[in-house]
Amino acid sequence: MPVLGPERRLLASLSSAPPAAPRLGLAANQTNQTGPQCLEVSIPDGLFLSLGLVSLVENVLVVAAIAKNRNLHSPMYYFVCCLAVSDLLVSVSNVLETAVLLLLEAGALAAQAAVVQQLDNVMDVLICGSMVSSLCFLGAIAVDRYVSIFYALRYHSIVTLPRAGRAIAAIWAGSVLSSTLFIAYYHHTAVLLGLVSFFVAMLALMAVLYVHMLARACQHGRHIARLHKTQHPTRQGCGLKGAATLTILLGVFLLCWAPFFLHLSLVVLCPQHPTCGCVFKNVNLFLALVICNSIVDPLIYAFRSQELRKTLQEVLQCSW
């Protein structure tokens, strides 16, 4: 956990850091060379805490609602539940990290450097693992929806509970393993490129599947329109509504995740270039966007379900 230097987030250590302080933030890489004036967005600790707490509450409610309602005990909602757990871990790690850093800076918590380093490693693994698992479950949800549309009659024989369980177990195991290796070898170029390639693969998978689903939905809409002789209004409505949904799904994904992975790419491509250094200075902003994704995910993938919203109301009533 970097307690020195201008960068306060754990994943700031993903950059190439100076030998004297290998776990400091990206801004520590900057030298006294003349370069372009940089716009650095400062993210207050209070904002990190607020985002983490909002995400924490949202995702706890999603998990509680799915656990309470047996009608939601299906592979589709299990994937949504695991996505909520992944986002929950992102929130928990962020809240814990921010709280510990504030206590250390205020002198209210005394800890040896070795203890802080071990805590740093644990937090790094937790954050990286939750990020990897979150991306995996976003892809799994896309695959599940694709199968439900294109193989509707065979869906329940293809996506069974045992298969979904094995997929979920594999994702969690792979996330823990990959995050551990990533933190251990974060200074290797191949590791950073592997993580960036994984993000690009997930983006391509989601884009291909959702675009294909949109095309099938519009094709089905045109078929219905021909039967009712209302072709043009239906086609236009299908295109606008489908494009809006697709824009929300992929737009939010890109907005929240792409800046962070662009940052990793630049760490590999131009670690010492002044212009890239301007990007490095905003790593806290990129991590805040990742946390924002944990807030938006329940709104897109969970709360749109009428059954889940009804159960959520029951959970809230019981809590009061």
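Every residue gets a Cβ built from N, Cα and C, even glycine.
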**Prompt:** With reference to Swiss-Prot, is Q117 found on the same side of the membrane as C218?
**Reply:** no
Near the transmembrane segment (76-96) in space but 6 or more residues beyond its ends, with Cβ under 8 Å, are 10, 48-49, 51-53, 55-56, 58-60, 62-63, 66-67, 123, 126-127, 129-131, 133-134, 137-138, 140-141, 144-145, 148, 159, 161, 164-165, 168, 171-172, 175, 290-291, 293-294, 297-298, 301-302, 305, 308
Counted with DSSP (H/G/I as helix, E/B as strand, rest coil), the topological domain 'Cytoplasmic' (67-75) has 6 helix, 0 strand, 3 coil
- Query: Counting only pairs 6 or more apart in sequence, are there at least 3 Cβ pairs under 8 Å between the transmembrane segment (283-303) and the transmembrane segment (195-214)?
  - Reply: no
Confidence over the topological domain 'Extracellular' (270-282), expressed as mean pLDDT on the 0 to 100 scale, is 86
